[in-house]
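According to Swiss-Prot, the features are:
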BINDING   257, 258, 259, 260, 261, 262, 263, 264  ATP binding site
COMPBIAS  94-107  compositional bias 'Acidic residues'
DOMAIN    244-444  domain 'Helicase ATP-binding'
MOTIF     213-241  motif 'Q motif'
MOTIF     378-381  motif 'DEAD box'
């Protein structure tokens, strides 16, 4: 009898599960819906559309009148060509399918099946209506039962399709015993002591805000002042206090200020103010529905600077009731996503290459950019250099381009556009190469302004020129130094400088990508947290390196980068900049050194100077600090770039470490390069239809002598190291790194050295065993 009762209860549970069973059939029926079959059609019956020519296409000639069609397959059988498409059939049946769906929703009775017995999908509104009929007390139970069913469908089970898994008794008991989650009372803490907790909440909100009385003179809106208060800016910088009123007054502005002086907000605040003036009273729903042209277009020379500008302006707009939509258009990211963002963007920030690629393929985007109210060119001296950014010139020409059939009245309907240009260096003489021969002419500010006026189409004849530091381009709190060393000893002195500045965020600049790829693994082998950044890295890897380097808890990190990181990057806490190579131009030295000593902070810039770089270093000092010498201003010290003396005895103790690390890093780099070269030659041989033999190819090229022979021999030697030899070198280096560098302890007489034995007994930590003097940067 007991078994029968169990069977009956089991059948009752099956009978009670009919409604979920229909839900299962309903969802599987959607998957079984077949696509419309494709049939051969005539060419004339296809829905041809006329091709719209882009505005950037200057000479179309015979390409006018082209037509295109989508979703068509071309099938060729011998000499017979047929066109296969499903478009005509879908057009004929489109209305019938829509009417059928509407009838099924209204019937509600036999909506799941028709006369033929075929399963049809049930729309979601019927499910919602059944939920509304259930009392509120039982809604939670129904929802809880529905959630495990979704998990079973995702995970899959042994039951066949269309059947439903019957819950066991244990599962039922667990569901019944499981207590329901009671809603959390968010105001529980306030109920305990309302007055106390309310004022604590107000104190927490106001903790990060500062007084913004210094911004009142600029006549900014209350939303902008509140945002500046949350960002912690109590007063404007000199470039902001002079440039913002001119921009708000409607003038074209050329702004020059030292690195780290707040040039981003100098043009970002007026742009946001103008947007709030025009669209600030609209709600979010009205903003989504409205179609409006972008307010500003900002051009940047590098991807990293573009993303940083986006972050700064987005932070400024955060917390406002209504704020502009900021979109970044850079390479390395999805083009389709950027096109969607541009369709609703109010402020567009991008690099010239990707921006030109996106807008040149869309007439709507190019037409919208012609209506921008602000054109901002950040780091203008770099963007407008001849032969560097061809796309930037194309974009500037496209913004001013008008068709011949357009009337002059249509041109007047476009809103007036302000052109804002900002950089730390406008001097043309700073862009000349330091390694060149002969005398190089200096150009004054008037010639630099003429250069800009030729490149840009300013609305005013003479834009407002704002120069807050006409004498020096360098930051006031920056200390500059130089270490003289041999060309092959730069790695050794670089490691010594890093050990002399422990727990300092350091940025190392090189002139080549190869140097970045070589130095980064070498420093990592020496237990230094080094990261790399160069233009051949994918965008995600570049952003990941900057993120790891700029973490607040990673103060001793090192970033080895090319000049791609020299302009505009604002990474907090960078205290030291090391120039592994002499910069090619003086303006690049200014921008490299500007990554430290930003705002009111202090920093150091050290140049590693080899014998072949002495002439270039003299020219660098003459160009960068010439105005200081003429005006008798600047630093009080005898030299503008002081020569630093590093103890040669200390450097010699570090040489075994660096030698081992170089061998390990060079071996890995040579093997990687060999594999890359072999793949390239092998692919070329396959394309030519020639058999490739690596040994024969290497034998043919081995007899050649000339430039690069010594380098190739070293690479071959490093490539020939086995795993065992590399492992032995790593073990030897590990033993050296485990010991502190002995710079003051006598191995024979313990008490005769300069080391404090008491500190040794206490277990004092550090890289040095003994006292090491500074390198002289601390002295004024």
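The backbone N, Cα and C atoms fix where each Cβ goes, and this holds for glycine too.
Computed from a predicted structure; not experimentally measured.
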Could you break down the residues of the motif 'Q motif' (213-241) into DSSP helix, strand and coil, giving a count for each?
-> 20 helix, 0 strand, 9 coil
Distal contacts, the motif 'Q motif' (213-241) - CB-CB under 8 A, six or more residues away = 248, 255, 257, 261-263, 265-266, 269, 272-273, 276, 280, 315-321, 466, 468, 599
Residue 264 (ATP binding site), DSSP three-state class -> helix
For the recorded ATP site formed by 257, 258, 259, 260, 261, 262, 263, 264, name the remaining residues of the chain with Cβ within 8 Å of the site's Cβ center, in chain order.
-> 237, 239, 424, 594, 598
Select the most exposed residue of 259, 264, where exposure means the fewest other Cβ atoms within 10 Å, treating these as the binding-site residues.
-> 264
Check each residue in the chain of residue 257 (ATP binding site) that is at least six apart in sequence and keep those whose C-beta is under 8 Å from its C-beta; list them in sequence order.
-> 237, 238, 239, 263, 266, 422, 424, 466, 467, 468, 469
Residues near residue 258 (ATP binding site) in space but at least six apart in sequence (CB under 8 A) | 424, 468, 469, 472, 473, 474, 475, 476, 594
Once the chains shown are all counted, how many other Cβ atoms turn up within 10 Å of the Cβ of residue 260 (ATP binding site)?
-> 22
CB neighbours within 10 A of residue 263 (ATP binding site), counting all protein chains shown, number 25
Of the residues in the motif 'DEAD box' (378-381), how many are helix, strand and coil by DSSP?
-> 2 helix, 1 strand, 1 coil
